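Worksheet: one structure, shown below.
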Amino acid sequence: MNRHKQPPNIRPMIVPLLLILCLSGVCDAEELRTYQRFDGYFNNLLTAEIGSAGRPLARNITSSYLDETYMPSGRGRPNPRQISNELFKDPSALSRPSIQNKTAFFAFFGQMVQREMTSTDDTTCPIEIMEVPVPRMDTDFDKEGRGERYMPYERRAYDKNTGQSPNNPRRQLNKASSYIDGSFVYGNSAVRTSYLQQPGSGKLACFDHHQKTPVLNDVRLPYHAYPTHDGKILNPEKLWRVGDTHAFENPWLLSLNLMFFRYHNDVAERAHAAHSDWSADDVFQYSRRWVIATMQKIIMYDWLPLLVNMDVNELKPYTGYKPRVNSEITDLFDAAAINYIMTLIPSAVYKYNSFCKVIGEPIRLCHTYWNGMQIVDQTQDSVEEIWRGMTSQLAEADDIYVVEDIRSKFYGPLFYSRHDAVVLTIMKGRDYGLPDYNTARREMGLTPLNNISDFLVINPELNETQAGQDLVKRLEMLHKGRVDHMDIFVGGMMETTSSGPGPLFTAILLDQMYRVRDGDRFWFQNKDNGLLTDKEVDTIMNTTVKDLLMAVTGGMIKSMNPPNELPDNVFLMAHDHVCEHQAPNISALAPCPEHEGFDFFAGSEIPYIIIWTCLGLLPLVVILCAYVFTKCRQWRYNRRRQEARQEKERRRILRRTMSSSISVMDAKEWRGKEAPRTIELHLTTKGTLEVFTTMGSHLRSIKLSAMSAVNVKLSANKKRNTVLVQVPQEYDLVVMFLNEEERNIFMDSLAEFVSGYELVDLVSFEIRETDLLNLATTKEKRNAMLEKFFKTIFKEAFQMDYDPALDNAQLDMRKQSKEILEIELSKEEFAEAIGVKANSDFVEHFFSLIDSDRNGYISFREFLNAVVLFSKGSCQDKLQTMFYMYDIDGSGVMSKAAIGQMFRSLLDLAQSKPDLDEVQRLVDSLVEQAGLQHKHDFTFDDFCQILAPQMDKLWNASFDWKGVSKHSKVATPKPTKNTKKTSSENSDALRHRTLSLGNALDGSAGNQRAGGLLFEAVRESYSPLKARVKLVKHFIENFRQHIFFMILFYGIVFGLFAERFYYYTVEREHSGLRQLMSYGISITRGAAASMSFTFSFLLLTMCRNSITYLRSTLVNLFIPFDSHVSFHKLVAWTALFFTVLHVLGYSFNFYHLVTQPTSFLCIFESVVFRAEFIPTFQWWLFGTMTGFTGVLLVVVLTIIYVFATQTARRHIFSLFWTTHKLFIALYVLTLVHGASVIVQKPLFFAYFLGPAGLYMMDKLVSLSRKKTELSILRAANLPSDVTMLEFKRPPRFEYKSGQWVRIACLSQGKDEYHPFTLTSAPHEDTLKVHIRALGPWTWNIRETFDPENLGPNTRYPKLYLDGPYGAGQQDWYQYEVSVLVGAGIGVTPYASILKDFVHMSSINCTYKVKCQKLYFIWITGSQRHFEWLIDILREVEEIDKDGMVDIDIFITQFFQNFDLRTALLYIFEEHFQKMTGGVSVFTGLKATTHFGRPQMNKIMTAVHKAHPSVKKVGVFSCGPRGVTKGVERACMEASKTTKALFEHHFENF
């Protein structure tokens, strides 16, 4: 085999040269000069990238973009689809065989040439779609005649460095190398070729032992993915490994690829047999070189001359390699001239067997798109049968017509299954910015046409037939006679004659092929490259396609019958061809598939709904879980207290058994809008129906024996279990029993009970339950009537401007006035009016006094007289009333016992329980002070004499009637006598008490009244606008730091959102993201940026140790560290808002992504989609790292936020603490979430690293403390459910008074920490905390340290300590004067502060602090609530010898200051203090005790008057929000009305 000789031995001379070139850095270039690269690089050594794969198309004509840059040309040109219908559609619908006898082999070989030299099917990324309107009633694309359809054209990929300006217009990319280098067989990259090779043999890998087909593509080499005729995209793994990505477009193109595949292996086998010493790589490269040379020869010297109707000798002779010739493919060639071959391709081709007989029906082109392998691999001889068919069947004639399989049934993308190749070609020219047809002729050296009729001149064949003339007329009509509006492809095709393409396409084709040949350094005729010998070149010049077919079939002719039927030129059908030509009957073939769209969302509908529903329900599920955990926790807690409840129930049953009740029944009371409550109904021997709670608290009493008739209504429907007892002058009683049987039992008991009273009748009848409930006078209705009752009385008593006629529904004034006058108050309603309990001794006496007619009710007139008496009456009248209240027998005298009973009843109202001996000693002292110690009974004059020293307190006393505004109370004149002493010594000294805050409360300080001066109710002028402006100004003044940092924080947050939103909306508008996802991508990326900042910033708010340290620096003056917990919550809620926005945005983004073709998703560079893969919604959510981590993040965040709510923290704190540790997973998932780089490079770490580093250092400090176990030295369960723990102070533990720590108890879990304020002082050797039992953990602590639960030798459990941490209370020492306001358990920080301050003053260390005066205001419902604080305050009083601390106690569960009862208690309190050396009867302290709530505005004013030189006063409050807000308002008011600034620091619990 002489043509397969060994390549020349050039290695000896290459080695020294390679060494030199390697040293100079061009080793690869020299190596590639020996072996041609697959991508075309370094073919031209002057410019290495010339002609390489991926290069922009060359331009041999000036572009004509609409904007001269990138916008498609073609304005004014006709609709491409209309052009296709009018010009390219064969009106005969019959096959037109080639007049020149060109075979189908020639036509499909031309398609192979196109794929070998060009690959411009890749689309732009992001996708750019040009829409071609479909003419109405188009038979293929608009059968319904809607006229609204469009044919999409996806613009071709272009060089991103072009299209920026008119000087650099857009240039499209050619992914194939421009050279004829066998890329159709070997691919255009070394990687792809490496997968095609068969290791160790130099062959292309074969699937079968016959070496007829390649191996399967199990490595998933990429191919162009288009749907088959049945709308499916084939799995690449089921295809063969071939070099060209278009090889599977149709079976005939694939068969040509197999022809060269087999030919390569044939050459390799022969080369290896002849030269066994060659390596596999040498064999492969030699075989490849031979195949390429053969392909070059056939294309250039066999196929091209026949295409352009030239003799091979008419071609320009090859004169050698010309490196300066630009061999790159031009846009005219790719978008116009080479597409001429589509007119030659037939609709169908028969297969022929070895006997030249037709096999079955012809294979129609439209049925084989992208399904060629199934046909080629149908049988073992299928490819040979296809080759015979292509050589035995004529191609279509050279004309303008294109078969329907290409023109209207061409393959399209999945979302547009059928297309028009003519339309695509025309649109490609416009996409490339090609000018009009005349400009192309001019650029190619041809004469332009003056008008369209000139086609009859340049193409005379058009004028020879009527069809040709009609064609020109249609062309002229379409273009409106304007040649300059004609596309190049259309004009070039109009030039076509029966012998081939016209002058324009011929010129373009020849120009391109000449440049490819002359500019190819590896052209087989180039002797200078030294790759082929002259003999080898001659051999190749004599090789034809017939030789290839004979070689690859192993003697195909020999197996034929008759032999030698294969013509020498398979591109032409000889007249004596053995196999008879049989043209397929197109009309008899199966119709092509109709055009269809594709629903990319199919298969995602149900998952989309289910998944988003699940995510939407996720918070509810987590809430349900939290609820279950709460119930479990409560169940365990309730189980521990079950015995206590059982004991209470036992006592209740015992109480019911031992009561004087005739009958006791359980029921539920219906209360209108309020929830029903469980009650007990007692029929007593006193002739009453008593109503109790199940715990034994008395609710009301109904005296049935005093009624003339007991009216009862019974429900007649539903459960028949409801009873209405109508009570005159009171609200009715509506009860619901468990069932009708229990109701009947009650009615029987009631009837029997009433029958015992002769004057009382029981009247009952049944009505519908709805009517019964509407008929009932509920307490709400009764209260509305009483409100009018009180307002009318107060109008008469205080001249208030109230008119009942102005109330809603007051239409009949006479009727309403009559109802008001007829209203009578029961004892319970009277007790509620004066704000005390109905069963108190005081109410019993007072009610009996006012009820003059002794009917058990107070009438309008009786109540009015009492109000006027205590509001306007003289002091003598008021005292006389009190005297009569306790002159029970009306004898006109009171005994000492009666006076003692009066004080005891008042003390009972104050929830104070002094000994009887103490009260008796008080009475004796008062009597002795009045000089009446010799008497045992006292007249009214004696009573006045006893109380005379305190007459100033009684002078303005009245009852605190509920419903009367404090501004409406009128004081009566009193004598001009100042009995209140005000201490004025050392008024300027801050270290001595100068003013009692109690005086500020009752108005005796700074409000001295002259004789006859009256307090009157004055209406101030009120402007809502001014009031709001003033409120806003004060708010800004007090919270200016908070407002500044709020504005700064939200400025950054929304600034980040706006920046990202703008970036993706404007700056990256052409990236394709917004095109796919609209503004959803802008919103989600903006939200992501804000989330990154807020979630990272959260770590800073958790650096408790750092915040505690910074509080002691100057930074604290500018940053409100006190509010770091509130700010933490604010940042968290802000992060949650943007998280929800981010998730909701992606719910729309994912929908948009799922509904897009896979090719449109090329914008996601980090995601590689398989050719046949259609990403679904569930894939985006669970198949990507970003989606999956996003789902996990949603779950984690939901758990964290749900368990961080106030309710969860209160009931399941341990789970709150545990779930809050998920923040580590949160940040890890967030980092991974952005690592996929689907949309942008991750930026979260830029926000995260700084705060994370600070937080880790801060956490290390906390961890160093948590490791130490602390022993409890002392524990005590104090009253009011408070537990005191005293434990060892850790070494080097330094803290400030007012700071707090976090404590974990080993018995409750060492990881469950709870915050508590230290009540010990910094100078003490131990630490103390006082824990009030409110939730499960605190109750468990109380039970743990209950002496009953601790054995005699049981040790206390260990504690773990974390802290201390700063709080706003610790800054008390920075002010000269500080006011401490504590309410409830909020007094705990002040216990430490008071002890610390007094200790420093006792050892003369106050120079260390700025503060010289402390005012402590304790607001408590009762002094019994926090008896433990009494001991601390007593200790403070013992140490405070210089009066540096003022303590005022306000007992709120009592009355207002000018209440008669309060005045009498003041008398009792003041006299008791005189008797005991200043000790309070209520608290045992020297501190002033007040009854009622403090008037904080007056207190602040009094503080300023006591210290006028102080310019800044620190006010610290801790307690419920209502208290701290009241203090805040008082500070704002005092800052406005005084010269001092009252700075408020507060904490809520």
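Note that Cβ sites are derived from N, Cα and C of the backbone, with glycine treated the same way.
Under the heading domain 'EF-hand', TrEMBL lists 838-873, 874-909. Residues annotated as domain 'FAD-binding FR-type' in TrEMBL: 1265-1371. Here TrEMBL flags 968-989 as region 'Disordered'. Under the heading signal peptide, TrEMBL lists 1-29. Marked as transmembrane segment by TrEMBL: 609-630, 1043-1063, 1083-1103, 1130-1151, 1179-1203, 1215-1238.
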* Asked: Quick one: DSSP breakdown of the domain 'FAD-binding FR-type' (1265-1371) into helix, strand and coil?
  -> 21 helix, 41 strand, 45 coil
* Where, among 609-630, 1043-1063, 1083-1103, 1130-1151, 1215-1238, do we find the most CB pairs under 8 A to the transmembrane segment (1179-1203)? -> 1215-1238
* **Cβ-Cβ under 8 Å with the transmembrane segment (609-630): same-chain residues at least 6 beyond its ends** => 1143, 1147, 1177-1178, 1181, 1191, 1194-1195, 1198-1199, 1202-1203, 1207-1208, 1211-1212, 1215
* Asked: Which bits of the chain, at least 6 residues beyond where the transmembrane segment (1043-1063) starts or stops, bring a Cβ under 8 A of a Cβ in it?
  -> 1036, 1082-1083, 1085-1090, 1092-1094, 1097, 1119-1120, 1127, 1130-1131, 1134, 1138
* Give me the mean pLDDT over the domain 'EF-hand' (874-909), rounded to a whole number. => 71
* To do: Give residue numbers and ranges for long-range contacts of the transmembrane segment (1130-1151): same chain, 6 or more residues beyond its ends, CB-CB under 8 A.
  => 601, 608, 612, 615, 1046, 1049-1050, 1053, 1057, 1077-1078, 1080-1081, 1083-1084, 1087-1088, 1090-1091, 1094-1095, 1097-1098, 1101, 1177, 1180-1181, 1190, 1194, 1197, 1201, 1204
